[in-house]
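Below is one structure, written out as structure tokens; comments come after it.
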Amino acid sequence: MSAPIVAIVGRPNVGKSTIFNRMAGERIAIVEDMPGVTRDRLYAPAEWLNYEFRMIDTGGIEIGDAPFLAEIRGQVELAINEADVIVMVVSGREGLTEADEVVARMLYKSDKPVVLAVNKVDNPEMRHDVYDFYALGLGDPFPVSGSHGLGLGDLLDEIVKHFPDEAAEQEDDAIRFSIIGRPNVGKSSIVNAMLGEKRVIVSDIEGTTRDAIDTRFVTEEGDEFVMVDTAGMRKRGKIYENTEKYSVMRAMKAIDDSNVILMVIDAEAGIREQDKHVAGFAHEAGRAMIIVVNKWDAIEKNDRTMSDFENLIREEFKFLDYAPIVFVSAKTGQRLDRLPQMVKDVDDNHRKRITSSTLNDVIMDAIAINPTPSDNGRRLRVYYATQVATQPPTFVIFVNDVELMHFSYERFLENKIRESFDFTGTPIKLIVRARK
């Protein structure tokens, strides 16, 4: 059975993200005193009393005509539909508000267990402030302080009471992949088109996707994936707004937490320097890579358009010569059905292991074709090679003198390894060591 899901809902600035972060044990959600900052659902694992579960932090529900109001409402409704338990957060400091009553009315219709958390009860003298919230009709209010961690144990005790009895620890074999790229290249639209569910708010405002959101799905073939849609990463030296700066930090963490990276390029805008910076970070992290050219439907084409664009990509992204390229349209759905299988294939290659005997046969055949270089009368001698790691595949080559291994010859050996084994989509690392 999959882990139970707990949705944290409520109007803006009652401290949902603070409680979320306390339960998750790290700063997952963006926390800022600006209504509407937590605009998309955030997912994070948590554990209490040997129960593992997943939490969803939603954008707040607010009365008024704010630009994101209708979409945020929709996000909360989706979270409610997915949750096993709902935690409604209110503010003991501000007291009961009309917006709280609106949220409660939404929850009446959910037929899901609801636990009422009165946040910002930062000292015992404030505990009497919780009684007004009985008027919401959601049962006993639990006084907590997200900022100080007070009362969260009692709250978690109540939450896990509502979990199905079968809830148990599960090992996660899903393939994790991130979708990265500059703002407005269509990352969120690709997510929505692939999932068939409006899981991420999409608008034409740069930076709408403010944080990384984990989304689990299973294909018809039974392959399980966790997709992480990240905020558009800006160049690190040009980040001024606090929220955006933190989003970039989270995006980098999402890359670290992923097996495979989908690098999205805007076909209309072409390739920019920032695309190369973003791709470079993922490459340096050693992740498997796929280059996704989005908005291909908007390009006027002839019989050479695709090959010309592919050549441009290969020229601009020389360090990603191993990455397959796919031309898609999130708007029309063109070729999006290929992405899950491509992700699985490059992940398999990322995890691939080659036996030492087979590897050494390839190395020795390569040396027979192109003998090792020499310097000042001393010739490089290659003794043997072995694979020492996967993700990415990493090989150690033992030689007589590391200084004799020219970069060009190391590249030659890497190419021969790639020719012999399918490492499409994954970087490979060669480590040259002197045999003692």
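Glycine too: its Cβ is placed from the backbone N, Cα and C atoms.
According to its DSSP assignment, Val121 (GTP 1 binding site) is coil. Sequence annotations record features per position, and here Swiss-Prot assigns GTP 1 binding site to 10-17, 57-61, 119-122.
For 181-188, 229-233, 294-297, the entry in Swiss-Prot reads GTP 2 binding site, with the evidence type sequence analysis. Counting every protein chain shown, the Cβ of Lys187 (GTP 2 binding site) has 26 other Cβ atoms within 10 Å.
Positions annotated as domain 'EngA-type G 1' by Swiss-Prot: 4-167.
The domain 'EngA-type G 2' annotation in Swiss-Prot covers 175-351.
Annotated domain 'KH-like' per Swiss-Prot: 352-436, in sequence order, evidence recorded as sequence analysis.
When DSSP labels each residue, the domain 'KH-like' (352-436) comes out as 31 helix, 24 strand, 30 coil, counted as helix, strand and coil in that order. Comparing Asn184 (GTP 2 binding site) with Val121 (GTP 1 binding site), their Cα atoms are 41 Å apart once rounded.
Long-range Cβ neighbours of Val121 (GTP 1 binding site) (same chain, at least 6 residues apart, Cβ-Cβ under 8 Å): Gly92, Arg127, Asp129, Val130, Pro143, Val144, Ser145, Leu150, Gly151. Looking at the domain 'EngA-type G 1' (4-167) alone, the prediction's average pLDDT is 77.
A distance of 28 Å separates the Cα atom of Lys187 (GTP 2 binding site) from that of Asn13 (GTP 1 binding site).
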